[in-house]
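Presented below is the structure to which this report refers.
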Amino acid sequence: MNKNNADKRRNKTENCYILGIDTSCDDTSVAITRNNQVLANVVSSQDDLHMSFGGVVPDIARNAHRERLPKVIEEAFSRAAKIDKSVKPEAINAVAVTVGPGLAIALGVGIEGAINFADKYSIPLISVNHMEGHLLSALAANNKGAKGMDYRNLKYPALGVLISGGHTELVLINNWRNYQIVAETMDDAMGEAYDKVARMLGLGFPGAKALTEMAKQGDPTKFSIPVPLKGDKREAFSYSGLKTALYYLVKKMKEAKPLTRQQIADIAAGFQVSAVTHLLDRITMLTAKYKPNTILLGGGVVSNAYVRKRVRDFCKQKKLELKYAYTKKMFVDNAAMIALVGYYKYLEADFTETDKIDRSPRLTLTQFI
Amino acid sequence: MKRLLIDEQNKTQAITEAVKVLRNGGLIVFPTETAYGVGALATNSEAVTKLLQYKERPVGKAISVAVADRETAERYVEINNEADQLFKQFLPGPLTVVCNSKHYADTRLESEKATLGIRIPDFDFTLKLLKELKEGISATSANRAGKKTPYSIEDILANNPARKTEMLDLILDYGELPKRPTSTVIDTTTLDMQVIRSGAISFDTPIIEKEITSYEEMIDLGTSFTKENIKGKAESLIIISFNAELGAGKTQFMKGVALALGINETIKSPTYSLLNEYDTHDGLKLIHIDTWRMASVAELEEVLQESYFAHRNIIAIEWAGAAEEMIREKTQQAIKNGVKVIRFNVEILYTNKDTRRIKIVKSHE
């Protein structure tokens, strides 16, 4: 620990308040945490902000983020103060901000905002890897302090399962902040496959949620839909072949006549079983190899109840501990997970100077920041 | 603004209504085999004024006219021998034939050389509409200048301020259209019949045309294509645009390209990030773009740095159609700055579940 950095910390034994900022993609999010508890977690497209722009359309544009950020910060403070009266800008111990992976222009706006805040209140700045946020989101405590788990109490090794629109990877957590990517997608991400298949079936975009709903009414055995990399021992994911198989099936069927509602449901159900079976195949394979004690789930695809059920069943059978965030809002891109990583980095006085912080669009979990 | 969802039952009624709107000088949005177009009665000056206001198109840029048949076309333009051949061979289809204008249409639709582009869309519903109307309508994509080429009505609405959308009197909503490139524009009034805009129909001989039967073959093809056409030709800016359906194997092809360029990273789909950038060991940059989930061209424009459009870089674009106008403008700008550009169009068609026909056409710009 750098001595200078350590000196920047204050009230070491008391509550630690972190302001988290995430602008990695098309949402602007700001959160405030107290230790490992989430006091406020505002996401621009999901929260009905009373200020002026309820139901904001996600937009990666720099100006859109710039316009939203001050309002989202204000909303986060107003919400957090309702839970803990001592929350105010002057009480914040540090600002944690996503530096990557993500879209460079969008990341830049969050970083700019974080620097301004840190300078204004003379507090340290913390760089956070967005993917580490997803990984740790499983351990956050709610605003009453319940359901959380201190990261330092994890039984190693643990296996992180990160599944979203842009990522599909299994991460072996060997030790405190020691990560190894043991499987990742060779082509499309799992969430991307959901969205693309949903669009083929005429369920709109983003359509993953609609597809999951349709799948509930379908018979997954009606159509023969292949499980990706079946019998293939590669430690990797591939969703593009499944997408192609579905595209061809739907195309051929549509040439004959428009799909019925039941057919759409049956295809959706068949796709979902294959897509999730592929995930479970790889989790099974790598669990046998690395023997983790705990499985952590993170990323937008965790919102899918069928995915959670399949992983839960697996963990029960293998007697593994399973962790995922206490609220759906923490599966998707959000700033609470960034603040949470920020909290643990704060305890280690792992800070970044304001003139050294930089965006890192293609950051991976194995790159230490 | 009125939006009509077209189905089998209301087709005829929709056509009657559209004809009425057009004859009254109104603007309609209509489907074609390429993208959604915005139509104004070509002979009505009020309608054309409204169209130009809507498009915000720079003065002096021509707008072509869609007609139902050759007979109608002859009222608008002089059809010479070359044009005659093209009409017979390609129309109806995604080709705009530029001929000398007879000034029957509003002259603001003409080019500075007093020529006019004529097109017969290969889209049954729209052909019926034009037959009923017995006149030509403007055939320009329904986006405003510089915005996303629209393949769905949402593409138009999302990129329009409300006052613009209000200018559209009737929207004929045919759902989501397949993402095909816009029409090829060819000038028959010059001696050597110039292609003014490359598009869905190509007059160049393909450099590669073959059928493949597996993912591995697709990767190999990307590799051999790159070795033969890109490596060692690094003095130019290379643009590869894909014209292919979902799941056709674009990303597989790109894996092969990356392999040949010595990129060790796994090439993953850029759908969610819009753009992935890779460095090759000999100092080239590979920029891999995917517009599939892009809501507006502005998104891509922001991530697409000017510095990409320089010598020695390779820009590969999946679903290029939606951002075509913007890419073309950036390319033209690069050419003005002295950059040599070589463009490859890669077309991938499903022949059945596991086989694809690939055609690669090269053009110098």
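Placed from the backbone N, Cα and C atoms, the Cβ positions cover glycine too.
Marked as Fe cation binding site by TrEMBL: A:His130, A:His134, A:Asp333. Here A:His134 (Fe cation binding site) comes close to A:Leu162, A:Ser164, A:His167, A:Gly298, A:Gly299, A:Met337: these same-chain residues lie at least six apart in sequence, with C-beta atoms under 8 angstroms from its C-beta. A:His134 (Fe cation binding site) falls within a helical segment according to DSSP.
Summarising the environment of A:Gly166 (substrate binding site), the number of other Cβ atoms within 10 Å of its Cβ, over all protein chains shown, is 25. Annotation note: A:Gly166 (substrate binding site) sits in a coil segment as assigned by DSSP. The feature substrate binding site is assigned by TrEMBL to A:Leu162, A:Ile163, A:Ser164, A:Gly165, A:Gly166, A:Asp195, A:Asn304.
Across the domain 'Gcp-like' (A:37-339), the model assigns an average pLDDT of 92. The annotation domain 'Gcp-like' is assigned in TrEMBL to A:37-339.
Here substrate is bound by A:Leu162, A:Ile163, A:Ser164, A:Gly165, A:Gly166, A:Asp195, A:Asn304 per the record. The longest Cα to Cα distance in that group is 17 Å.
Most other Cβ atoms within 10 A: among the binding-site residues A:Asp195, A:Asp333, that distinction falls to A:Asp333. Put simply, A:Asp333 (Fe cation binding site) is 16 Å from A:Asp195 (substrate binding site) when counted between their Cα atoms.
Over all protein chains present, the Cβ of A:Asn304 (substrate binding site) has 23 other Cβ atoms lying within 10 Å.
Checking the binding-site residues A:Ile163, A:Gly166, A:Asp333 against chain B with a Cβ-Cβ cut-off under 8 Å leaves A:Gly166. Sequence-distant neighbours of A:Ile163 (substrate binding site) (same chain, six or more apart, CB under 8 Å from its CB) are A:Ala189, A:Met190, A:Gly191, A:Leu279, A:Leu297, A:Gly298, A:Gly299, A:Gly300, A:Val301, A:Val302, A:Val307, listed in sequence order.
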